[in-house]
Amino acid sequence: MYRQLVNILTALFAFFLGTNHFREAFCKDHDSRSGKHPSQTLSPSDFLDKLMGRTSGYDARIRPNFKGPPVNVTCNIFINSFGSVTETTMDYRVNIFLRQQWNDSRLAYSEYPDDSLDLDPSMLDSIWKPDLFFANEKGANFHDVTTDNKLLRISKNGKVLYSIRLTLTLSCPMDLKNFPMDVQTCTMQLESFGYTMNDLIFEWLSDGPVQVAEGLTLPQFILKEEKELGYCTKHYNTGKFTCIEVKFHLERQMGYYLIQMYIPSLLIVILSWVSFWINMDAAPARVALGITTVLTMTTQSSGSRASLPKVSYVKAIDIWMAVCLLFVFAALLEYAAVNFVSRQHKEFLRLRRRQKRQNKEEDVTRESRFNFSGYGMGHCLQMKDGTAVKATPANPLPQPPKDADAIKKKFVDRAKRIDTISRAAFPLAFLIFNIFYWITYKIIRHEDVHKK
């Protein structure tokens with residue numbers, strides 16, 4: 001009985017021992033096939049080498065899904081700052097974070113415990129990246145203070161996030177017909193350079209494709225909240241290329257132009273009206289005031305165009321400056337008319353004296369002919385001593401007419417009436433112009449722009 005019990009225990013011990021040997025042998029065989037050693041995990045360096053190193057078989061020159069469906073790249077941008085908008089060169093400057101996301105199944109992993117890996121920017125050269133460029137870019141630069149402003153993140157499922165900080169100068173064709181009450185639309189176009197739509201497609205991120213930093217302000221514009229997102233697919237001789245775009249609406253603020261252009265020109269026009277209250281005999285004062293205001297207005301008009309491109313159409317500021325210059329010049333011409341009318345009495349009296357002199361000479365000649373022609377003496381007169389002399393009509397200088405003062409007063413009153421009418425007509429005409437001007441550009445055309 002005792003011996004049977006010992007045999008049973010020995011058999012059980014041998015069975016368990018054989019099972020353990022088999023398990024260890026199986027684990028070793030499995031680990032050797034998978035390239036792992038028992039009780040050993042990969043280091044980060046070994047893992048990256050295995051994932052995208054030379055021994056991994058990963059080729060950064062070949063896109064994901066090679067010879068398969070195109071790679072979908074979702075993009076979004078975060079605007080850090082919106083720089084100067086320049087009318088002369090028609091461009092704007094912007095600082096952004098550009099983020100691109102795509103899926104590369106070759107970078108999927110399960111051997112590493114982390115759900116995602118934030119890698120050094122130097123690893124960007126080891127993976128495939130979309131060949132994105134900005135179609136309307138005029139200048140750009142990367143940022144490397146204190147290190148390269150780039151981010152590379154790879155998720156377990158092979159999703160890649162590539163973020164980079166850029167400062168861009170982008171072209172922005174502007175319509176300045178309503179300047180400085182205009183609303184400009186500036187675009188940003190993201191396009192593939194070498195991959196056609198058979199290989200690569202850009203799309204906007206569905207959640208927050210374009211984000212703006214809080215408190216972002218521009219010196220002369222208000223950045224509208226509504227932004228238009230769309231596609232701008234390009235067709236070239238080399239193929240059809242994917243392109244996406246965003247349109248920014250910038251409404252110009254008038255504060256600067258009111259202070260620097262509109263108010264000074266308005267005051268110059270009002271100053272030109274002061275001559276209507278100056279005595280018409282003070283010619284030096286009125287002429288000097290008129291010429292000064294004309295020259296000042298000309299300088300002001302030239303200054304308003306200095307910061308603008310030489311376009312072929314008329315801008316709103318051009319109309320304002322032209323009308324102001326017209327009013328100032330008209331005020332100078334008004335004094336010329338006043339001075340001319342006030343001096344007309346002298347010419348009138350001179351002509352009147354000439355006419356009277358001619359009439360008197362004709363009367364004397366006619367009278368002398370009548371008195372002496374009957375005696376056959378013609379124009380000769382016989383004196384008491386018997387001598388004959390030729391009768392010559394008297395030609396005394398005419399005396400000024402008795403109503404000369406009345407005539408002078410009549411013309412002076414006409415000149416004064418011109419000044420009196422101008423004092424009311426000029427401000428009224430300028431007021432009517434202002435009403436039409438501001439209604440047209442601030443209400444009618446402004447609404448048309450917003451409808452578009």
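Using N, Cα and C of the backbone, Cβ positions are placed for all residues, glycine too.
Here is what Swiss-Prot records for this protein:
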| type | residues | note |
| --- | --- | --- |
| BINDING | ARG99 | strychnine binding site |
| BINDING | ARG99, SER163, THR238 | glycine 1 binding site |
| BINDING | ARG99, SER163 | glycine 2 binding site |
| SITE | LEU295 | site 'Important for obstruction of the ion pore in the closed conformation' |
| TOPO_DOM | 28-256 | topological domain 'Extracellular' |
| TOPO_DOM | 279-283 | topological domain 'Cytoplasmic' |
| TOPO_DOM | 305-315 | topological domain 'Extracellular' |
| TOPO_DOM | 337-420 | topological domain 'Cytoplasmic' |
| TOPO_DOM | 442-452 | topological domain 'Extracellular' |
Sequence-distant contacts of the topological domain 'Cytoplasmic' (279-283), meaning Cβ under 8 Å and at least 6 residues beyond its ends, amount to 335, 338-339, 342, 412, 415-416, 419
With the fewest other Cβ atoms within 10 Å, the residue among the binding-site residues SER163, THR238 is THR238
Among the recorded positions listed as SER163, THR238, LEU295, the Cα nearest the Cα of ARG99 (strychnine binding site) belongs to SER163
Here the 10 Å Cβ neighbour count for ARG99 (strychnine binding site) comes out at 18
Among ARG99, SER163, THR238, which the record lists as binding glycine 1, the farthest-apart pair of C-alpha atoms sits at a distance in angstrom of 29
Here the Cα-Cα span from LEU295 (site 'Important for obstruction of the ion pore in the closed conformation') to THR238 (glycine 1 binding site), rounded to a whole number of angstrom, reaches 58
Per DSSP (helix/strand/coil reduction), SER163 (glycine 1 binding site) sits in strand
The answer for the topological domain 'Extracellular' (305-315), taking Cβ pairs under 8 Å and residues 6+ beyond its ends, is 87-88, 90, 176-179
